[in-house]
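Features reported for this protein in TrEMBL:
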- Asp93: active site, proton acceptor (ACT_SITE)
- Asp267: active site, nucleophile (ACT_SITE)
- Asp93, Ser94, Gly95, Gly96, Phe97, Asp147, Gln190, Gly217: substrate binding site (BINDING)
- Cys305, Cys307, Cys310, His336: Zn(2+) binding site (BINDING)
- 15-369: domain 'tRNA-guanine(15) transglycosylase-like' (DOMAIN)
- 248-254: region 'RNA binding' (REGION)
Amino acid sequence: MSETFGFRVAATDGKARTGVISTPRGEIRTPAFMPVGTAATVKAMMPESVAATGADILLGNTYHLMLRPTAERIDRLGGLHRFMNWDKPILTDSGGFQVMSLTALRKLNEEGVRFKSHIDGSEHWLTPERSMEIQRLLGSDIVMCFDECPALPATEAEVAKSMRLSMRWAQRSRDAFGDRPGHALFGIMQGGVTQELREESAEALKAIGFDGYAIGGLAVGEGQAAMFGVLDYAPQTLPEDKPRYLMGVGKPDDIVGAVVRGVDMMDCVLPSRSGRTGQAWTRRGQVNIKNARHQDDPRPLDEDCTCPACRNYSRAYLHHVFRAQEIISSMLLTWHNLHYYQELMAGLRGAISEGRLSDFVAAFEAQRSAGDIEPLTLT
Ligand SMILES: [Zn+2]
């Protein structure tokens, strides 16, 4: 295992890249999808099951963990890896995005953000320095800069002002992070959907210097066409020899589109959240297991999928346990969804390394547009 943090691109196909991020806690194969373990758990999954789906890294949320059980308590208990029984790499977000999206009564100034907890109304400060301290206490392998994400809709002037504040906070994050061998600090590009602002942000981040670069402020309701519009140029404004991380994305077709445009890492609550609401993601698109068409169907969700939900259970069973609100429903559908996402990433990595990404994308789109298998007709 590597003593330090590093990144190596092994192959490219068009703008897409495949490679390996090395950390003292193990390697991350890219393009990588990171399941979200919000409150020190990927909901409905044991950590060994998350690893069995093929995940090399997961994401933890600074905002949730600082409020409960607190970063100081996790530190006293040996750090987040030990606390949640996950020994592979962990990336933590900075808390900034969730403070803006989950809390009321925020007060934002140059120093940072004051907010009230959504749990008990207690008051807290988050600043670049405090965010770095929390992520250090958690023992995060990949630390994210503290940034501000403007609430939408916002004018271009508001987006510009917010981006420049985030760039000043990026410098403060870099200073507070210090020198921590084996741990990485990623900068976060902002700038909305305006190319000049995105480019200004990229230049500011590169002047500070980071171990990796995230593209923030997308997947916040602008729509796929606008997001791809930014991704058509944004990854190429960032250093080629560092990982590029698209935050909070997304649906399978968002992921494929981002990888084609040169993104190396992504995270999203979608596969795990969908698993708890009866939505399955398959090669044939989205399947709503609540639908009555499944109630007598002895076939698996996806006959080619090797996950436990598809190997051992019928659509009829998955339908039943969802309707009966049994806990195993969330467990099985989350497992399937995470497994499908990781298979998609493995497929993308293989296609890039063999130079057949466009064929892979064409097959991906053809299968999805064909749709789910025909319902059984009962005789
Ligand atoms: Zn499956």
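Cβ from N, Cα, C; glycine included.
Predicted, not measured: the structure shown is a model, and the values here were computed from it.
Away from its own ends, the region 'RNA binding' (248-254) comes close to residues 97, 218-220, 224, 227, 266-268, 270, 281, 340-341, 344, 364-365, 368 of its chain (Cβ-Cβ under 8 Å, at least six residues beyond either end). Residue counts of the region 'RNA binding' (248-254) by helix, strand and coil are 3 helix, 0 strand, 4 coil (DSSP-based).
Cα distances from Cys305 (Zn(2+) binding site) to the recorded positions Asp93, Ser94, Phe97, Gly217 are smallest for Asp93. Candidate binding-site residues: Ser94, Gly95, Gly96, Phe97, Asp147, Gly217. Not one of them has a Cβ under 6 Å from ligand 1.
A gap of 17 Å separates the Cα atoms of Gln190 (substrate binding site) and the residue listed as 'active site, nucleophile'. Of the candidate recorded positions, Asp267, Cys307, Cys310, His336, the one lying closest to Phe97 (substrate binding site) when CA atoms are compared is Asp267. Here the C-alpha separation of the residue listed as 'active site, nucleophile' and the residue listed as 'active site, proton acceptor' works out to 11 Å. DSSP assigns the residue listed as 'active site, proton acceptor' to coil in the three-state reduction, placing it in neither a helix nor a strand. Least packed by the Cβ count within 10 Å, out of the recorded positions Asp93, Asp147, Asp267, is Asp267. Spatially close to Ser94 (substrate binding site) yet at least six residues away along the chain are Thr62, Ser131, Gln135, Val143, Met144, Cys145, Phe146, Asp147, Ser173, Ile188, judged by Cβ distances under 8 angstroms. Under the DSSP three-state reduction, His336 (Zn(2+) binding site) is assigned to helix.
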